[in-house]
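Colleague: Take this structure first; my questions come after.
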């Protein structure tokens with residue numbers, strides 16, 4: 001009997017082990033044949049996959065492993081051959097982007113084929129007004145990227161940026177700006193970190209030029225070590241990513257240490273790089289002075305139509321320009337400075353296009369054809385004899401145009417020549433530089449857009465862990481998307497990591513910062529949120545230690561903080577509460593019903609006022625009508641305001657003195673005990 005039980009247990013263990021193994025047996029001939037054909041085509045259909053999969057029940061983890069394995073082989077799983085699109089890159093993302101981390105490993109799927117079919121099933125095409133569903137549907141239409149796809153897009157981003165930088169380096173405006181920035185650095189009005197990208201410059205050429213990638217085993221080991229470290233931290237703190245108050249994924253004390261280290265490292269890098277950068281800027285300034293002389297000479301010759309530079313001068317011009325481009329590229333300028341240079345270039349180009357557009361429209365108004373105008377104008381922007389040459393043209397409209405609009409044409413061309421003088425190069429050269437910068441910027445922007453759209457699933461998988469913390473799900477997604485875009489800008493594919501590994505931190509940081517900054521009805525600065533988190537965590541720890549809530553004095557002693565600061569933080573940490581909050585089990589009353597209204601009249605005071613009004617009316621009615629009216633007008637009883645003797649006298653067509661006498665007589669009557677007794681009780685109360 002014992003032997004039988006032992007055999008059953010062994011069989012059960014064997015089944016469990018089999019269920020955790022891979023779905024595809026790579027030693028099977030049918031599987032080998034299917035994979036070989038799929039690699040050749042780049043995809044495999046669901047029917048072909050189901051034919052080689054086992055029919056027994058499998059776990060969701062096995063399904064995910066199989067999909068990841070096929071993706072790593074470069075095989076895309078599709079519904080059928082008609083659904084295959086040309087050029088689709090069927091990669092898989094990491095665990096964050098691919099599936100729900102909360103799913104249980106032991107949960108059983110109906111079968112391997114059915115589960116895979118369900119995993120690839122598309123969203124229904126029925127209409128919906130739910131913005132979340134609409135967003136998810138649009139997001140799902142974008143294919144995931146393989147590692148090779150990510151690297152290809154990252155290279156396109158880098159190439160576009162290099163093209164843009166190369167264009168900027170050919171513009172004299174860039175060198176003028178660099179000389180100004182050098183002077184600001186010398187004067188101490190600008191920090192080095194505001195001009196160059198410290199981290200990129202500090203890492204040196206080896207970080208950029210290293211073509212080799214880290215081994216997958218090393219990357220996987222680093223990832224597992226980071227996960228173990230995170231689990232240990234959570235177990236030690238007894239909390240999830242964020243405290244109850246809402247804040248960062250790291251404990252505040254660790255964040256403060258990280259920030260201090262970051263600040264120190266930035267200062268250290270700045271101090272170390274400053275001599276090298278200043279030397280480069282000095283070289284740029286000296287070289288540009290030599291180049292500027294040749295540029296001015298070239299522009300003057302074009303304006304005077306006296307020829308061009310000699311061949312020796314042209315060679316020298318090219319050598320100086322190459323030296324400047326090499327020096328500028330070695331600086332790794334800050335992105336904000338690059339944007340400022342591009343904006344300056346585009347602003348001048350906008351003014352140029354406006355002037356050229358005015359000239360073209362003016363010519364077309366005299367019947368000059370557009371193609372004819374462009375043929376005569378392009379390349380002769382700075383030719384001083386252009387007016388004379390177009391006046392001799394026999395084509396329709398040219399003579400009338402040159403004769404009638406002589407003054408206007410000269411004014412417009414003078415503005416164009418001023419732009420050439422401002423840029424230091426010819427108009428055709430300036431236009432070529434602008435097109436080069438625009439091309440690089442456009443290519444980089446398109447590639448960044450593709451990278452962002454392909455990783456929107458990663459934002460969803462991270463954002464869903466931060467729901468019910470004060471922000472709507474769509475707001476969390478959009479904040480995460482902002483972090484994703486920052487990650488795309490800063491991603492360095494040469495380090496060998498997948499983009500999702502790098503982007504996760506940026507996305508989580510953007511989401512947690514937004515929760516800390518926006519989740520509360522009354523905004524609290526992020527640095528104060530971190531202090532609140534620290535106090536809440538310490539308070540929870542002390543509650544376990546001493547068995548009661550700690551006092552502010554105990555918290556101040558434990559945290560080594562001033563008592564007043566602890567009290568202030570505890571006061572700030574209180575959450576607003578709605579006046580409509582139900583009170584009691586029956587929920588027929590609300591919190592607002594129990595709050596005193598300081599401006600409202602008390603019921604007893606209202607009763608006294610009503611009784612006084614009624615008694616005063618009865619007492620005044622015992623006087624003559626004339627006396628009653630005089631008293632009412634003089635003291636404003638039952639009226640909006642009181643009246644002077646003069647105003648009352650005008651009403652009765654008598655003198656002020658007569659009104660005073662009537663008033664005095666009426667007051668004497670009121671002092672009689674029969675009347676005053678009725679009013680005295682109000683005076684006493």
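Each residue's number is its place along the chain shown, starting with 1.
Positions of Cβ are set from backbone N, Cα and C atoms, glycine also.
Small disclaimer: the values here were computed from a predicted structure and weren't measured.
Okay, these came from Swiss-Prot:
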DNA_BIND  645-664  DNA-binding region
COMPBIAS  1-18  compositional bias 'Basic and acidic residues'
COMPBIAS  92-105  compositional bias 'Acidic residues'
COMPBIAS  120-132  compositional bias 'Basic and acidic residues'
COMPBIAS  217-239  compositional bias 'Basic and acidic residues'
COMPBIAS  251-262  compositional bias 'Acidic residues'
REGION    451-521  region 'Sigma-70 factor domain-2'
REGION    530-606  region 'Sigma-70 factor domain-3'
REGION    619-672  region 'Sigma-70 factor domain-4'
MOTIF     475-478  motif 'Interaction with polymerase core subunit RpoC'
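Describe the structural surroundings of these features, if you would.
Modeller: Broken down by DSSP into helix, strand and coil, the DNA-binding region (645-664) contains 17 helix, 0 strand, 3 coil.
Looking just at the region 'Sigma-70 factor domain-2' (451-521), the mean pLDDT is 91.
Long-range Cβ contacts of the motif 'Interaction with polymerase core subunit RpoC' (475-478) within its own chain (Cβ-Cβ under 8 Å, at least 6 residues beyond either end) map to 135, 459-460, 463, 466-467, 511, 514-515, 518.
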Colleague: State the residues, same chain only, that lie 6 or more residues beyond the ends of the DNA-binding region (645-664) and have a CB under 8 A from a CB inside it; answer 'none' if no residue qualifies.
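Modeller: Here the qualifying positions are 626-627, 630-631, 633-634.
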Colleague: On the DSSP side of things, how many residues of the motif 'Interaction with polymerase core subunit RpoC' (475-478) fall into helix, strand and coil, could you say?
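Modeller: For that range the per-state counts are 4 helix, 0 strand, 0 coil.
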